[in-house]
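S.K.: One structure coming up, written as structure tokens, with questions to follow.
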Amino acid sequence: MNRGFFNMLGRRPFPAPTAMWRPRRRRQAAPMPARNGLASQIQQLTTAVSALVIGQATRPQPPRPRPPPRQKKQAPKQPPKPKKPKTQEKKKKQPAKPKPGKRQRMALKLEADRLFDVKNEDGDVIGHALAMEGKVMKPLHVKGTIDHPVLSKLKFTKSSAYDMEFAQLPVNMRSEAFTYTSEHPEGFYNWHHGAVQYSGGRFTIPRGVGGRGDSGRPIMDNSGRVVAIVLGGADEGTRTALSVVTWNSKGKTIKTTPEGTEEWSAAPLVTAMCLLGNVSFPCDRPPTCYTREPSRALDILEENVNHEAYDTLLNAILRCGSSGRSKRSVIDDFTLTSPYLGTCSYCHHTVPCFSPVKIEQVWDEADDNTIRIQTSAQFGYDQSGAASANKYRYMSLKQDHTVKEGTMDDIKISTSGPCRRLSYKGYFLLAKCPPGDSVTVSIVSSNSATSCTLARKIKPKFVGREKYDLPPVHGKKIPCTVYDRLKETTAGYITMHRPRPHAYTSYLEESSGKVYAKPPSGKNITYECKCGDYKTGTVSTRTEITGCTAIKQCVAYKSDQTKWVFNSPDLIRHDDHTAQGKLHLPFKLIPSTCMVPVAHAPNVIHGFKHISLQLDTDHLTLLTTRRLGANPEPTTEWIVGKTVRNFTVDRDGLEYIWGNHEPVRVYAQESAPGDPHGWPHEIVQHYYHRHPVYTILAVASATVAMMIGVTVAVLCACKARRECLTPYALAPNAVIPTSLALLCCVRSANAETFTETMSYLWSNSQPFFWVQLCIPLAAFIVLMRCCSCCLPFLSGCRRLPGEGRRLRTCDHCSKCATDTV
């Protein structure tokens, strides 16, 4: 019974016994030989061979002798190879490509079946198309064909406003498409090249990460949903701002395009060609560079100074292609230049002089009291011209006129007070200064002090509508313009040239009736003399000029054709006075936001067709108003302290702006006592205060019409009564029907009159006389009493007549009768 149950479960009812407990089985007898003789012979042969093999395997065998070790063949000695000359360049090691990070792996995995390449006619990938939410989307500026047999034949709908085109995705591909989301809080997101930062409403990536050919790639969150589609990018120094297409919570498409955006379609670029003499070469691959041949490199730049690809040529000249990785911190465009001496109008605030820190120009275009100064010294470079953050170099005033260096702590800037230095590069300084009438740049060291002062009025500046001396810590941010402190940005160009030689008498020495040429240490000078015959020469050591006896017979000058200097009017320029070269002007003026104070909000009191502003501020604050009708009548006033200002408000409205607060608009909503939906006297009272003339005319017209109607009705009633009573008046002792008597107010039968009746009662029964006389008085008293009870009800909603019109706050008087706006 149990066996059948457990067999259903596929196992035995009890575990099988181990081998030691199994019963011994009888050895089966050998099978009887088959009758077939051939099969018997084969079986015997197999048994014999098996016994032979097993016997040899179990038989002990003597050990085999160990083979002798092999002798190593000695390779013939080769003659030593000659050493390669040091001039031969070593092969560069190809840097290993870094493995993709987690974000890149996730993006690559999701893009595998949902992102398609867009290729041009040559088969090059110039962008991408995206399958998302039942549509295939492609940037409009990517001109090419989708690399897919089905998607390439779809008909696309173009939208130039969003720089996108889309088509319906085939049904069999919709299940694998991306999904999008309108939620993108600030943080980091994923795309093909790693992480994308979203902050301040913008997507940014590190500089150099993305580029041409990435147009159409998606930006995804950690769930794989598409947050944005990349269209291009704008270089902003250390980071690149992306131009993207996103969606809001209502599903509406939003395109964000930073200033200076370039489309990232990998269109074929036309190589710009530059010239050197009659030879043309690609501007990005010049035949030499500045570190190899300084003079020739400057010749190339000067010949192509007006070329469209001048910046490309300048970067290539500075960074030699075979010199390995160039370091931006060591080599930049100001490496081509040199400091110089210039004429300063005020040295130590006294007399003009030659100064190593001559101020060429001062710009104060920023809104945050920051100024940009150009001098003849160079900041951020050491004596050799290499970039050094804590050094500056200047032209010495001594006889050798060599370039010397110092630390940036020696540089002082001041106006009416000390300035705070913000940044520096080349000839330029960026500083925040207090207001003043002049700008002074000084070199203050332990040995000497040199300064230069330029008369330039620096006015106090503030942003917004409230004056302040220092920016507040808390307040409101409003748009303003500031100088970009990044040294890589450019605000244009400054013109450069290679100066003509300068002759210095310090290069000549007269001793014992002889004239010697004395060059500075390590420099070459050229002398020209007229001592009978014309003599000239270039020397690097102290050399006697034969035949000359006085210094006035010679001139000696030093010529350096490997450096540019600023095209200053103090220097001897070349003959045509045109710019030979140009360099970038740093510290670009860019739009930004500045923190400004916000004054206390005014206390507003509303009245009939006017408002009162109770203002209180401890600094100058601007109050402006204007009417919103056809005649604005604007007003402006700077206010400080406590004050009250009253303004009239008409139906068109009034707008006022107090300090840096948002504009406020008020309108006159006229009202009056009474109720337009109440009792007749309330209606008349309401419209009488709103439109008195029209109300009087309407009431008068209604009264006249009513009086005419009542008069006509009375006359008609009298005529009808007379016509009804005439037949009965002509018949003696006629009895008038009761209904007609009631209708016409006549007695149905002859009776005594009221006078006769009262006379009779006075003569015969005076108590009844007084009772009869009190009946009308009692009726009059009852009527007056009823009127006194109904009067409070009829006048419950009536306002006092002297209140006048006010700005309404509610529709009915029983709700709130005293509160006004």
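In case you wondered, yes, glycine gets a Cβ from its N, Cα and C as well.
Okay, these came from Swiss-Prot:
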REGION    1-106  region 'Disordered'
COMPBIAS  38-49  compositional bias 'Polar residues'
REGION    93-101  region 'Ribosome-binding'
DOMAIN    114-264  domain 'Peptidase S3'
DISULFID  CYS283-CYS289  disulfide bond
TRANSMEM  696-716  transmembrane segment
TRANSMEM  726-746  transmembrane segment
TRANSMEM  764-784  transmembrane segment
S.K.: Which of CYS283, CYS289 (the disulfide-bonded residues) has the most other Cβ atoms within 10 Å?
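M.R.: Ranked by Cβ atoms within 10 Å, first place goes to CYS283.
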S.K.: Residues sitting near the compositional bias 'Polar residues' (38-49): Cβ under 8 Å, six or more positions beyond its termini, same chain?
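M.R.: Sequence-remote neighbours of the compositional bias 'Polar residues' (38-49) do not exist; the answer is none.
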S.K.: Kindly state the mean pLDDT of the region 'Ribosome-binding' (93-101) in the predicted structure.
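M.R.: A mean pLDDT of 54 is what the predicted model shows over the region 'Ribosome-binding' (93-101).
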S.K.: Where else in the chain does the transmembrane segment (764-784) make close Cβ contacts, counting only residues six or more beyond its ends and a cut-off under 8 Å?
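M.R.: Answer is 757-758.
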S.K.: Over the span of the compositional bias 'Polar residues' (38-49), count residues by DSSP class, listing helix, strand and coil in order.
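M.R.: Split by secondary structure, the compositional bias 'Polar residues' (38-49) comes out as 12 helix, 0 strand, 0 coil.
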